[in-house]
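Participant: Sequence annotations record features per position, and here TrEMBL assigns compositional bias 'Polar residues' to 1-10. Annotation source TrEMBL lists region 'Disordered' at 1-28, 272-291. Marked as compositional bias 'Basic and acidic residues' by TrEMBL: 11-28. Residues or ranges marked as domain 'HECT' by TrEMBL: 527-893. What TrEMBL lists as active site, glycyl thioester intermediate is C861.
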Amino acid sequence: MFSVPQSSKSEFLDKARQAREERKGHKDKEKAATNIQALVRRFLCRCRLQKQLRKEIDDYFQASETGTTKRNALSIFKIARKLLFIYSQEDKVRFEKLCRAILASMEVENEPKVWYVSLALSKDLTIPWLKQIKDVLWTCCQRLKNLKPDILQDNKLVTLYLTMLVTFTDTSTWRIVRGKGNLIHLGYLNEKVLEEEANHFVKDLTDMLCYCQRYVSQKKSNLTHWHPVLGWFSQTVDYGLNESMPLVTKQLQYLWGVSVIRTLFSDVLSKKLESQEPTPPPPQPSTSQNNLPVKNLFKRAFQKSASVRNILKPVGGKRVDSAEVQKVCSICVLYQTALSTLTQIRLQILTGLTHLDDLLPKLWAFICELGPQGGLKLFMECLNNDTEESKQLLAMLMLFCDCSRHLITILDDIEVYEEQTSFKIGGTPHYRFISQHICVQDGMGWHFRDLKPSLLFQELEKGKKRAQLLLQYIPHVIPHKNRVLLFRNIVTKEKESLGLIETSSASPHVTHITIRRSRMLELRRLPANSIKGVIRVKFVNDLGVDEAGIDQDGVFKEFLEEIIKKVFNPALNLFKTTSGNERLYPSPTSYIHENHLQLFEFVGKMLGKAVYEGIVVDVPFASFFLSQVLGHHHSTFYSSIDELPSLDSEFYKNLTSIKRYDGDVGDLGLTLSYDEDVMGQLVCHELIPGGKTMPVTNENKISYIHLMAHFRMHTQIKEQTAAFIRGFRSIINPEWLHMFSTPEVQRLVSGDNAEIDLDDLKKHTVYYGGFHSSHRVIIWLWDILSTDFNAEERAMFLKFVTSCSRPPLLGFAYLKPPFSIRCVEVSDDQDTGDTLGSVLRGFFTIRKKEPGGRLPTSSTCFNLLKLPNYSKKSILRDKLRYAISMNTGFELS
């Protein structure tokens with residue numbers, strides 16, 4: 001009834017659709033109008049901006065041509081950025097002017113800020129400059145495509161754009177690069193210019209090295225990165241440049257080449273050395289100045305050296321502020337800075353500086369002439385003045401010391417003593433006189449004259465840095481005896497901290513060991529902490545019966561002696577003896593024992609225990625092996641060649657003869673390998689990979705010598721030495737031994753190599769069985785030892801009673817157990833110990849029966865001499881001499 005007609009409905013929908021379309025069309029028109037307006041505005045804005053930029057570019061080039069505005073690299077960079085932003089075909093002329101401006105800036109003399117390429121060295125502009133120069137060069141290439149060389153005008157443009165391409169694709173034409181990267185090479189190529197511009201050359205290089213030095217670190221950390229030339233570096237390192245580092249090193253090597261050194265040090269090398277040797281003054285008597293504290297030690301020493309300036313007479317007394325001295329100081333600062341900055345090629349620098357034989361002697365003569373009085377007083381004053389001038393003067397002395405130390409390391413004995421390379425033994429009075437007035441010799445070496453060890457030890461206990469540095473770097477100036485006392489004090493303090501010393505409130509833990517004599521090496525599994533503590537030993541014989549004897553350190557001493565006797569026996573093939581002096585070192589063929597590395601570690605522990613307890617053992621080690629135990633082979637100045645004579649002196653002579661061979665070494669038919677007879681088979685060891693096919697030539701003969709020495713003393717016994725050191729250091733902290741040299745450590749192990757002090761031995765002797773210091777047999781004994789026996793026989797006597805032919809380092813007061821002499825009436829197998837009757841008979845020299853043919857015997861574990869009550873001095877002398885020569889065995893008591 002109310003239905004809408006169909007036609008009306010369709011009409012309504014059509015109207016609605018038309019309305020929507022009209023609205024949509026209106027919106028599209030508005031949007032199109034807006035876009036058209038935006039495009040027009042953008043076009044007009046771009047036109048205005050392009051017009052404005054072109055006007056600025058034209059004004060810049062016009063001002064530059066008239067000279068009202070001076071061009072520099074930054075202004076050219078900004079103009080180029082504007083031109084590249086708006087560049088089109090109508091800007092061809094402007095682009096041509098830009099290229100000419102860039103090339104003109106590159107030709108300006110001595111004005112780096114004008115050079116367009118200088119922006120590449122700016123941290124902020126490096127990347128934008130690289131992008132810009134790429135766009136400029138690409139535009140040049142695009143322009144070249146449309147040019148015709150036949151046309152004169154186009155030919156000029158071709159030349160312009162090609163010059164741009166050549167200039168910025170060949171860095172060798174860049175003045176700024178030639179002035180920095182190739183500065184050293186340029187100085188090497190033109191010695192005359194280098195001599196004229198030496199001051200600027202040295203200053204620029206020093207500034208660059210100092211800049212790098214700020215980021216060089218001494219050790220690895222979370223903030224450092226490894227650099228092939230600088231070492232640990234606190235800035236980010238581009239490892240992609242590692243391939244170019246050999247080229248960088250090659251450039252740097254010109255700095256310490258012969259020609260550059262001769263040119264820079266021309267003032268020093270032009271000196272003539274005096275050959276006359278001054279006469280030393282009489283020694284001054286010691287005074288109470290020996291009580292001076294450590295802080296005054298160097299001051300007093302240098303004052304004394306200055307007081308004898310008549311000895312170090314300068315040729316003329318050079319003024320410190322003279323141009324000559326200032327020049328030499330700045331050169332020394334340059335090389336000293338290079339040594340501390342270029343850490344990975346430090347040895348190359350030192351080798352180059354020491355290559356000239358006359359540089360160091362003449363530099364030392366130059367140093368001795370500084371100041372109005374000469375000598376070292378000037379440098380003493382520099383230590384107290386923290387000025388730039390003082391630092392430069394000290395750098396000269398430091399450079400001389402570093403080079404001298406390096407030279408002494410690399411020269412062999414023939415070059416030092418026979419050829420006398422660089423230093424003449426009879427012509428170095430300055431060194432000796434300085435040593436004589438700073439140091440004094442006591443038979444054990446040189447030490448500071450004004451050093452009082454007690455005050456040094458006090459400063460060490462307080463943790464004073466000065467005393468620690470003295471002990472770390474120059475411990476040899478402290479008397480050896482005092483260093484041994486310091487070592488014993490350190491051990492005692494550790495024992496106290498570990499509770500190994502008996503006190504009124506506590507007793508130390510005791511480790512009890514029951515062991516067969518034939519199987520003592522099985523104790524290698526004993527932990528290090530147990531070895532450091534108190535050890536009580538009970539021996540069991542082959543029948544399983546306990547041997548007689550109560551261990552009060554004596555049996556343990558015998559236990560150590562038995563172990564050492566077994567393991568160091570060359571027949572066991574754990575250790576070998578060197579040719580000539582019969583000293584011990586690990587055997588390269590010790591691997592025939594399945595557990596040889598464990599045995600070496602155990603031997604290291606046992607030797608460490610002996611040193612820890614102060615027990616001397618007669619074990620002579622090869623010095624090269626002890627150097628490895630001390631870690632000296634890790635030192636920068638360690639040389640395998642210097643240690644080689646301690647292994648095989650004949651082999652050393654043969655190697656050094658190759659070094660001095662005048663002909664072609666290749667004719668000898670040697671290769672970089674070593675052939676060895678190993679248990680009947682010839683084994684070839686390559687010194688480097690592929691060495692057996694590489695011939696030894698005049699160019700690589702020095703490397704061959706060092707490789708051969710290193711192989712014989714290190715590579716062959718690397719595993720054995722590492723195991724021994726591991727065991728030794730588990731008992732002895734390696735830092736404790738840093739204050740000792742190799743011979744001093746040998747004395748620490750085997751006792752003093754000085755002659756036996758009988759008065760000291762007599763003073764610390766204990767008597768048993770009725771003997772006393774006034775007993776006639778005792779009087780005869782000491783008289784026989786002092787007058788009838790020679791030094792060798794006295795050493796045999798000491799070995800007879802203590803198992804070691806050398807006295808303790810600190811004297812017989814430190815012999816444990818103390819040396820004792822006991823009167824015996826019967827043979828050792830019938831001896832039941834002292835009784836009241838035996839003591840009285842011995843005291844009153846009442847013989848139970850004539851000793852007859854009985855010989856003196858000993859118990860080395862207790863350092864005990866068992867002496868019959870002889871009736872005549874001659875009998876005692878003959879029996880004692882026979883006993884020590886036949887080395888009649890010891891036994892327990």
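Backbone N, Cα and C define each Cβ position, glycine as well.
Automatic prediction, not curation, is the source of TrEMBL annotations.
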Participant: Sequence-remote contacts (6 or more beyond its ends) of the compositional bias 'Basic and acidic residues' (11-28), Cβ cut-off under 8 Å?
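Facilitator: The answer is none.
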Participant: Taking helix as H, G and I and strand as E and B in DSSP, count the residues of the compositional bias 'Basic and acidic residues' (11-28) in helix, strand and coil.
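Facilitator: Counting residues per DSSP class in the compositional bias 'Basic and acidic residues' (11-28), I get 18 helix, 0 strand, 0 coil.
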Participant: Return the count of C-beta atoms lying within 10 angstroms of the C-beta of C861 (active site, glycyl thioester intermediate), excluding that atom itself.
Facilitator: 27
Participant: Averaged over the domain 'HECT' (527-893), what pLDDT does the prediction give?
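Facilitator: That stretch averages a pLDDT of 81.
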Participant: Could you check what DSSP calls C861 (active site, glycyl thioester intermediate) once collapsed to helix, strand or coil?
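Facilitator: Going by the DSSP assignment, C861 (active site, glycyl thioester intermediate) belongs to neither helix nor strand, so it counts as coil.
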